[in-house]
Amino acid sequence: MQFNRKEYLKDVKNIVVKVGSSTLTYENGLLNLFHIEHLVRQLVDLHNRGYNVILVSSGAIGAGVGKLGLSEKPKSIPEKQAAAAVGQGILLHTYEKIFAEYGKTIGQILLTKEDMIDEVRSCNATNTFNALLDKRVIPIINENDAVVVDEIKVGDNDTLSAFVSKLVKADLLILMSDIEGLYSCDPRINNDAELINFVEKITKDIISCAGGAGTDLGTGGMATKIKAAKIATSAGIPMLIVNGATNEVLQDVVEGKSVGTWFNAIK
């Protein structure tokens, strides 16, 4: 039986949206306000439609790089964490200002891996999410890059968004990328690459389609998105990869249009 997106989306309530550094910042690390405003407007519209919206946002380190006038993303952990500490405030202030223009309230939650795997801490995190959503607050999530160390870090926000989706019992996870979705091969170097619209199951062939690193200011590539898809779909949550630069792409998603790559949930 052919999968019907529109039919599934009728019962969707909780939507987690992850947006990456490549969408939020320019190559020099400064914030791309055009893309951020476009993103916020779409999220507000989803919220107005009655959805609970949870945003997992990258961009803190990138914003810090821009503010500190660095020429590239820092290599050492202390410098990365310093950039994150500076950038997180800039990023959240920007979000707060734009969301407030539409009368929306946001709440910041900075997580670590321990918040996902420790039973008590994950329960506390879930309770916090539920309290915010009950009050129609839009949570904005990032990993606590300013203090986390390699041993306890999630490492990328694709994976973080999948864990968050489990915590909030999301009905759909949307990863906004700088590419239309998963292709049969890398479309940047192969003109014959075809967009894969629907993935029933993550097989070795699907995994082989994902390769390459992310941008210099980010940590994720298609491989981390496949990892996120495994986590989400195994928890019964479908995941969608879409191009964050596409005009009104989130509206296309909730209206059931055939955009991006849909990873079906494991029943």
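Yeah, the Cβs are placed from backbone N, Cα and C, and that goes for glycine too.
Positions annotated as ATP binding site by Swiss-Prot, on the basis of sequence analysis: Lys18, Ser177, Asp178, Thr219, Gly220, Gly221, Met222, Ala223, Thr224, Lys225. Within the same chain, residues at least 6 positions away in sequence whose Cβ sits under 8 Å from that of Lys18 (ATP binding site) are Leu55, Val56, Ser57, Ser58, Asn157, Asp158, Leu160, Ser161, Leu173, Ile174, Leu175, Met176, Ala228.
Annotation note: Asn157 (substrate binding site) sits in a helical segment as assigned by DSSP. Per Swiss-Prot, substrate binding site is recorded for Ser58, Asp145, Asn157.
Taking only the Cα positions, the spacing between Asp178 (ATP binding site) and Asp145 (substrate binding site) is 23 angstrom. Take the CB of Met222 (ATP binding site) and look out to 10 A: across all protein chains shown you find 23 other CB atoms. In the three-state DSSP scheme, Lys18 (ATP binding site) is classed as strand. Taking the Cβ of Asp145 (substrate binding site) as centre and 10 Å as the limit, one finds 23 other Cβ atoms among all the protein chains shown. Thr224 (ATP binding site) sits 18 Å from Asp145 (substrate binding site), taking the C-alpha atoms as the reference points. Max Cα-Cα distance over the annotated substrate binders (Ser58, Asp145, Asn157) is 11 Å.
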